[in-house]
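Please read the structure below before turning to the comments.
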Amino acid sequence: MTIAIGQEEGRGWFDLVDDWLKRDRFVFIGWSGLLLFPTSYLSIGGWFTGTTFVTSWYTHGLASSYLEGCNFFTAAVSTPANSMGHSLLLLWGPEAQGDFTRWCQIGGLWAFCALHGAFGLIGFCLRQFEIARLVGIRPYNAIAFSGPIAIFVSVFLMYPLGQASWFFAPSLGVAAIFRFLLFIQGFHNFTLNPFHMMGVAGILGAALLCAIHGATVQNTIFEDGDAANTFRAFTPTQSEETYSMVTANRFWSQVFGVAFSNKRWLHFFMLFVPLAGLWTSAIGIVGLALNLRAYDFVSQELRAAEDPEFETFYTKNLLLNEGIRSWMAAQDQPHENFIFPEEVLPRGNAL
């Protein structure tokens with residue numbers, strides 16, 4: 001038996017904090033939690049406050065709260081007024097000057113929720129990195145979550161930064177998001193954008209892959225117990241595989257002629273397809289922020305400028321977008337005071 005005599009090595013405050021943050025508890029905190037929990041709490045709390053009490057009369061000329069009679073679908077935390085530009089709208093800034101009521105009236109809650117929400121999503125991504133490191137697994141969950149972060153940052157932050165003000169970002173509400181979709185189509189023709197096409201292919205393709213994968217696994221689960229359902233027969237510590245990859249491979253080989261034979265490649269493909277869709281959509285939105293739009297595959301305006309004999313022509317797509325713009329603009333951008341004479345508005349039977 002050996003007895004070591006000596007003074008215990010002193011532990012610094014960083015080690016003590018590290019131990020406390022990573023302690024095994026019902027809800028893991030971690031270093032990422034220092035960013036995740038405060039920002040998420042403030043963002044979600046700000047959204048509930050705004051949708052319950054705060055009007056959009058001074059920014060959009062709209063009612064947008066439960067207090068004004070809105071429901072879950074029509075309530076929103078609306079974007080700041082166009083005149084605010086790209087100001088951070090700090091409560092103590094020159095616009096509100098510490099007046100909370102005035103801060104809410106000019107749209108300060110939207111900037112508050114959007115910025116804290118972005119940092120909350122980043123904190124959640126870092127949380128997945130941190131827990132993956134502690135558990136000893138690869139960090140692909142965190143990498144996959146970069147997709148939603150890219151979408152949020154591009155739509156709520158980068159798009160309005162490329163436009164005139166925060167006003168043109170989506171307001172934080174259900175109907176408000178659909179309004180933004182119509183706006184993006186009418187003013188940018190986003191459905192004809194190849195980045196949007198890649199995004200649609202990625203998201204719908206991922207949904208198809210998810211359905212096929214789930215059904216195939218359920219179809220090929222081994223009968224490893226006599227319980228009434230398959231869930232009770234499964235044990236999380238079993239050494240053998242739960243379903244037959246060989247049988248699944250044989251099935252899809254017969255159906256399509258080709259099939260995945262490697263689980264790693266199969267699941268990486270299921271990670272790659274939706275993530276590629278999310279990222280390409282985000283890149284497309286950044287393009288819209290810079291007004292890199294294409295109203296048609298070949299711009300009629302450019303051709304008309306080069307060829308004096310070329311006559312521009314309407315397509316149903318152009319007419320539809322023109323209708324969206326003229327229908328939305330007057331109410332959607334009240335600060336512009338648009339007034340359209342009846343003779344220039346698209347007629348209802350023009351399609």
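Yeah, the Cβs are placed from backbone N, Cα and C, and that goes for glycine too.
The transmembrane segment feature in Swiss-Prot is assigned to 39-59, 123-139, 151-164, 206-226, 277-293. The chlorophyll a ChlzD2 binding site annotation in Swiss-Prot covers His116, and the record cites sequence analysis as its basis. Taken from Swiss-Prot, the feature pheophytin a binding site covers Gln128, Asn141. Feature annotation from Swiss-Prot assigns chlorophyll a PD2 binding site to His196; the stated evidence is sequence analysis. The Fe cation binding site annotation in Swiss-Prot covers His213, His267 and rests on sequence analysis. For His213, Phe260, the entry in Swiss-Prot reads plastoquinone binding site.
Annotation note: His116 (chlorophyll a ChlzD2 binding site) sits in a helical segment as assigned by DSSP. Neighbours of His116 (chlorophyll a ChlzD2 binding site), defined as other CB atoms within 10 A of its CB across all chains, total 20. The stretch from 39-59, 206-226, 277-293 that makes the most Cβ contacts under 8 Å with the transmembrane segment (123-139) is 39-59.
Highest Cβ contact count with the transmembrane segment (277-293) among the listed stretches 39-59, 151-164, 206-226 falls to 151-164 (criterion: pairs under 8 Å). Ranking the binding-site residues His196, His213, His267 by other CB atoms within 10 A of the CB puts His267 at the bottom. Annotation for Asn141 (pheophytin a binding site): same-chain Cβ neighbours under 8 Å, separated by at least 6 residues, are Gln128, Ala132. Taking CA atoms as the reference points, His213 (Fe cation binding site) and Phe260 (plastoquinone binding site) are 11 Å apart. The number of other Cβ atoms within 10 Å of the Cβ belonging to Gln128 (pheophytin a binding site), over all protein chains shown, comes to 17.
If you look at the transmembrane segment (151-164), the same-chain residues 6 or more away from its ends with a CB under 8 A from one of its CBs are 79, 82, 85-86, 114-115, 117-118, 121, 170, 180, 278, 281-283, 285-286, 288-291.
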